[in-house]
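Working notes, beginning with the structure itself.
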Amino acid sequence: MDRKETIKIKVGDKFIGGDSPITVQSMTNTDTRDVEKTVEQIKKLEEVDCDIIRCAVPDDEACQALGKITKKIAIPLVADIHFDYRLAIKAIDNGISALRINPGNIGNEEKVNLVSKKAKEKGIPIRIGVNSGSLEKDILNKYGGVCSDALVESALRHVEILNKVDFHDIVISIKSSNVNQMIESYKKISSKVNYPLHLGVTEAGTPWRGIIKSSVGIGTLLSQGIGDTIRVSLTGDPIEEIKAGKEILRALNLYSKGVEFISCPTCGRTEINLIKIAKEVEKRLDGFDKNIKVAIMGCVVNGPGEARDADIGIAGGKGYGLIFKKGEVVRKLKEEDLVEGLIEEIKNI
């Protein structure tokens, strides 16, 4: 698919926009003031290939902690600032790679200007983070409530404020918990600016519901070439946000690192415990760095026939299974030996 060409923005050692790969972000849910726990969580996120991490900065103590945190992690850190513009200025002096501010609650234009001047001086990009819960009162009154036009107008207003002081290292997000509103808002802003867009559905929910809403919203936009970086917001472990984000990209052929795992839904032809086998194989493959496609199929109808494009897989029989590579059968094993046999073959690829 063709991606819309946007300005390339540098965030630490990563790039957002232009011809850069789409990055996947998350946000810590630790107390930022607790340096040890925050660093521990970020390092776990690094292990699952989190590209950029964001931390909440509610006060001066959290702001000071950023300086210690950034020295102990390998990925760029974005400071998330609300209400107090002075925290944004202090965060820049504490080694962050980017700022996320919500213009609707950071203060008047003069305060935003002070932040942008400091950011420009230090080469720090700013994400304008507009969301449905914090629009300016005059915009809400103009439109009679939250709508896509209101969200877009808020974003454009703050782009203009930054542009007035010749600041252009901008990333934009327009988030809503309403998926249709989110999609409509991003499509509108994409038609008006060429700044990179950070996609996400805010307050998406717990993992099961949140992943569905995020997949629909983020996936729809990405499939239309809109979006340069993503976050799957979940009420849960941030690691699941990264895994979900990578799989959304993988589903659209925008990410190929690691194992692509597929399995059939089972039917009356299945004569092995495929559900158990599939779950175990998927768990065992977590973290494998081989760029391969693995298929777990219940019968010879689906595998190796329909899964012929897989690098390796299982096709179930009655109490046994076939291991195949590129559509060719290489081993026949009892059901209880299939998982170990498959993992052994994968390690030898």
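Each Cβ is built from the backbone N, Cα and C atoms, and glycine gets one as well.
Here the structure is a predicted model, which means the values were calculated and not measured.
The annotation [4Fe-4S] cluster binding site is assigned in Swiss-Prot to Cys264, Cys267, Cys299, Glu306. Within the same chain, residues at least six positions away from Cys299 ([4Fe-4S] cluster binding site) with a Cβ under 8 Å of its Cβ are Cys267, Arg269, Thr270, Glu271, Ala315, Gly316, Gly317.
Around the Cβ of Cys267 ([4Fe-4S] cluster binding site), the number of neighbouring Cβ atoms within 10 Å comes to 11. Note on Cys264 ([4Fe-4S] cluster binding site): other Cβ atoms within 10 Å of its Cβ, all shown chains, come to 21.
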